[in-house]
């Protein structure tokens, strides 16, 4: 039942305008122009007629207005304008760099006046580190030169410490110890052979 009622409503809608007076029909047509009328107006009308109130009310005059050049539309800058922008940007960057460099120099001058030479302190720290590395290299050379001798060096970070003997020393000592221990190794080797003889007898 509902779909039939809807169809009846749809067919009954266009009927009333035929009962209106021809004057009212003309007024309605003027207020609501058809697309064909709008097309004709757009071809032959002047800008003043395009902005007429009845087209504003209809809302279709927007299509006509959109054909005009919109003052708010984005227009890309020309090559000359782009070059000017780039040059001004580069100049501002160079000015900023110069200002920063001059500010740093001023700060360094003030710090030197106050007695805080930063650069000199950094150089001294680097020299101290190089001296420590040189002293460590000398210690390693000295330990290699004294083969097998335990040498004590100056205090380290945690206190006095002894460097273990280098690898060259124990090999020499170990070779002599192995020669001394060889007969001792042979003796225990002979001991298991002695009980091995009575086992087959038992």
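Cβ coordinates are placed from backbone N, Cα and C, and glycine is handled just like the others.
Per Swiss-Prot, the feature compositional bias 'Basic and acidic residues' maps to 41-63 (among others).
The compositional bias 'Polar residues' annotation in Swiss-Prot covers 89-100. Across the range of the compositional bias 'Polar residues' (89-100), the DSSP-based residue counts are 12 helix, 0 strand, 0 coil.
Per Swiss-Prot, the feature compositional bias 'Basic and acidic residues' maps to 109-118 (among others).
Positions annotated as compositional bias 'Acidic residues' by Swiss-Prot: 119-136.
Residues or ranges marked as compositional bias 'Basic and acidic residues' in Swiss-Prot: 191-202 (among others).
Annotation comment: Swiss-Prot describes 1 as N-acetylmethionine, evidence class experimental evidence.
As annotated by Swiss-Prot, phosphothreonine applies to 34 (among others).
Annotation comment: Swiss-Prot describes 45 (among others) as phosphoserine.
Per Swiss-Prot, phosphoserine is recorded for 46 (among others).
For residue 75 (phosphothreonine), applying a Cβ distance below 8 Å and a minimum sequence separation of six or more within one chain yields no residues. As annotated by Swiss-Prot, phosphothreonine applies to 75 (among others), with the evidence given as similarity to another entry.
Residues or ranges marked as phosphoserine in Swiss-Prot: 102 (among others). In the three-state DSSP assignment, the secondary structure recorded for residue 102 (phosphoserine) is helix.
For 135 (among others), the entry in Swiss-Prot reads phosphoserine, with the evidence type similarity to another entry.
What Swiss-Prot records for 1-202 is region 'Disordered'.
The number of other CB atoms found within 10 A of the CB of residue 102 (phosphoserine), across every protein chain shown, is 10.
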